[in-house]
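One structure is given below, encoded as structure tokens.
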């Protein structure tokens, strides 16, 4: 084997003299974490139980008939005000940044219950009111026919009105919030993006799927998670990977055969289907989730979306967030610990530094001293590194040295 191809003697020596033991010993601390998770009696808190001094808005999964009834009630109200000569206005929950907040007791972002008016008679909002009305009609049609379409399909039904897909996508989120249902309840899904591979099987709309037989590319995560049933796995943990390149390396090396796990990625910024799928896996299997992201502020922002939710979809954070994901790597402290070459350490840009400082101001990071230390180390050194920096020791260093050593030592935060 060439020195570039695998974890050769030099690469193993760079593990700081620590010997990587057998797979059973490597996973001992992971399995202890899994046992702790399964024995945990902690019940997830809800907004209603907290009695917060302000009202918040959250959505739930709704049956198609229930969503249709909500749409019809909204349109009856519109018709009534028009007949009375008052025109019409939609009361749309405000998803502005100032209306979102982190609730420590829930460990996620929530949306405060404030409403903005969207009158058709106003020049500032008439177009948005028209788009809202049009999409309400399209969603009602989908629900009536009991079919699903992608957000792209929806956009192409009226390109002249919508102008840009980002506009129709934003209105979809407004409608889900307004109707009190999850976005998937509207029968509009995002195109497939995330992929999964490893020790996992399930049924998708009745078809049996074995994720150990999906090759290097893995199985596309279904856009309609409601059709995923009969989840089964003998994995010890879920490995959440930021990038497709690292996912492919681990899949090709059959990392999950040596260290039983499920590997998934959203190939960058997490999409709704991947976030829903991850939450469903963890709640069903009750095994730990360990994250492998770039050692830079954007890797941490991506991880925070999985853990705490996104500003854009804070109204659905209870369904989309997976709490207590462990940050396995690549952490800023790993750069010196694993002797990452200077040429693989990239200088942080001004924007990187600003993003890192903003992250340090987040309440959920302030509450975790280990995260604070890592971020402060990153900002003081002003360097970042990608997962691929580990390939400087050999293409299989990630799967044969770095990850086994981190797992063996329980080196996560």
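Glycine too: its Cβ is placed from the backbone N, Cα and C atoms.
Lifted from TrEMBL, the feature list:
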type	residues	note
DOMAIN	127-188	domain 'Spo11/DNA topoisomerase VI subunit A N-terminal'
ACT_SITE	156	active site, nucleophile
DOMAIN	237-407	domain 'Topoisomerase 6 subunit A/Spo11 TOPRIM'
BINDING	242, 294	Mg(2+) binding site
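The binding-site residues 242, 294 differ in how many other CB atoms lie within 10 Å of their CB, and the one with the most is 242.
Predicted-model confidence for the domain 'Topoisomerase 6 subunit A/Spo11 TOPRIM' (237-407) is 94, expressed as mean pLDDT. In the domain 'Spo11/DNA topoisomerase VI subunit A N-terminal' (127-188), the DSSP tally of helix, strand and coil residues is 48 helix, 4 strand, 10 coil. Here the Cα atom of residue 242 (Mg(2+) binding site) is found 31 Å from that of the residue listed as 'active site, nucleophile'. When the Cα atoms are compared, residue 294 (Mg(2+) binding site) and the residue listed as 'active site, nucleophile' turn out to be 36 Å apart. Within the same chain, no residue at least six positions away from the residue listed as 'active site, nucleophile' has a Cβ under 8 Å of its Cβ.
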